[in-house]
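Worksheet: one structure, shown below.
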Amino acid sequence: WEEKDNAKDSGVKWKFLEHKGPVFAPPYEPLPKTVQFKYDGKPMKLSLEAEEVMTFYAKMLDHEYTSKNDFNKNFFGDWRKVMTKEEKSIISDLGKCNFRDVCTYFQQKTEERKARSKAEKLEEKQKNEALVEEFGFCDWDGHREKIGNFRLEPPGLFRGRGNHPKMGKLKKRIIPEDITINCSKNSVAPKPPPGHKWKEVRHDNQVTWLVSWTENIQNQNKYIMLNPSSRVKGEKDWQKYEIARNLKTKVDRIREDYMRDLKSSEMMIRQRAVALYFIDKLALRAGNEKEDGESADTVGCCSLRCEHIKLHKQLDGKDFIVEFDFLGKDSIRYYNKVPVLKQVFKNLVLFTENKEGGDDLFDRLNTSTLNKYLNSLMEGLTAKVFRTYNASITLQNQLLELTDPDDENVSSKILSYNRANRAVAVLCNHQRAAPKNFSEQMGRMNDKIEKKQADIRDAKQEAKSAKSDYKHNKSEGKRKLYEAKKKKIERLQEQLIKLEVQATDKAKNKEIALGTSKLNYLDPRITVAWCKKYAIPIEKCYNKTQRDKFAWAIAMVDESYVF
């Protein structure tokens, strides 16, 4: 970072960029003749393209997606588009298709893959490492930088999050003719596979992507970029948290402003004040406008409709309650009952007057006008910065509150850290579906705890006998044996505490995703400083990917860092 000159201000991201381009998905391998797809009870040989798309569905046969009407309807519609005329005339009903033989074949392939010998696994590992060596790095201004996702996604069926209206549609194979390459003029440009050519080769040093294409489901641009652990990404991350940290010095004034604006004579300003109040207090996303029918009906603060809130003057013994119920990002339900200020409540009553359920709650406001206003208060300030600020400040305050400096047990310190992290995940509504085998996992964990408790009881009995022996015979050997038995109890008790902490964490994290806030919203320097202060190994809080991504933070701060 110290090498940087004023190029950043001119928008130039690099002066030299050279790389080998993407790695394409392997070609389709036709099914063996013995594996048959059946229609209306009879085996049917499909054309190669129709067979490939059929296998995507067969692989998912035992998945809950294939029981969803939208998924089946979208798949069948897209499958028919790749069929020959003859196939189309025969295959007219998905219910008459029998994929079981094909599904069993792929399940067997999976089992064979798992059962490979050590030598075969090693051979594959070495091939992958050679591929990373060739395609996984680029030359970026004389530095060898790691590339993120250099392998292109294979074709398949789109799933989406929640009940996405496009689930089941065909994600087409990406070919070189779809690909735009970005590199410097004076570099050796990547060569396309034989017989193909790139869509375009450009030399745009104002952007940080290396490869780009447009996916066919939602027509979104996709990119190959540098790995999160790279210098460029790390610097961007650092700047993001510095902006959020800077908000700390301005947030009181901003809050005073929106509190005053709650009574503004101008309706747009009142709406903006209430939206800001929600974004600040509830860490709601701003919500970006979408084309109708383009994706699932998800909303954020600015795009809330009247049907997404219910107003209760009194509920559960509390005054002025707003009940939220809507689908947020990734179709994750946001449900919350929140007591609000009387003036906020009065404004919401005003905003919903003479409106239907499908009408916009904030009809004078959108995300871009809100962010434009925020940027006028502080350079770089957006609704997302508020979310980052509130997440980070919550983590820091929770760690101060929950960590017992006198408790030397590392496991209980980690429990405190995870509790603090959980408070942030709840604030940001980072949910996940409970793992399918959750009950089995908890059962196994409880069995381990019971076994450990039994071991402690046995060890105590052994120590009691050893103590009794030592009393009758004060020899050095008997003393050493008694000391060893006491140490064994201590060791087992530590192991029990560790297991109990893990079980508590697992139960509490059943439907909460801790990883999202860790990677995107929490200033990593808070975690690093906390680890250094209490001599907690950083590996206990961050996995390898997170340690690579936050290498800058690990190197930058000591235990005195305050967000």
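Heads up, residue numbers simply count up from 1 along the chain you see.
Each Cβ is built from the backbone N, Cα and C atoms, and glycine gets one as well.
Automatic prediction, not curation, is the source of TrEMBL annotations.
Keep in mind the model is a prediction, meaning the values are calculated, not measured.
Residues 105-134 are the range that TrEMBL records as coiled coil, among 105-134, 465-494. Here Tyr521 (active site, O-(3'-phospho-DNA)-tyrosine intermediate) comes close to Arg387, Thr388, Ala391, Ser392, Val424, Cys428: these same-chain residues lie at least six apart in sequence, with C-beta atoms under 8 angstroms from its C-beta. Non-local neighbours of the coiled coil (105-134) in the same chain are 20, 23, 31-32, 35, 55, 58-59; each lies 6+ residues outside the stretch with a CB under 8 Å from one of its CB atoms.
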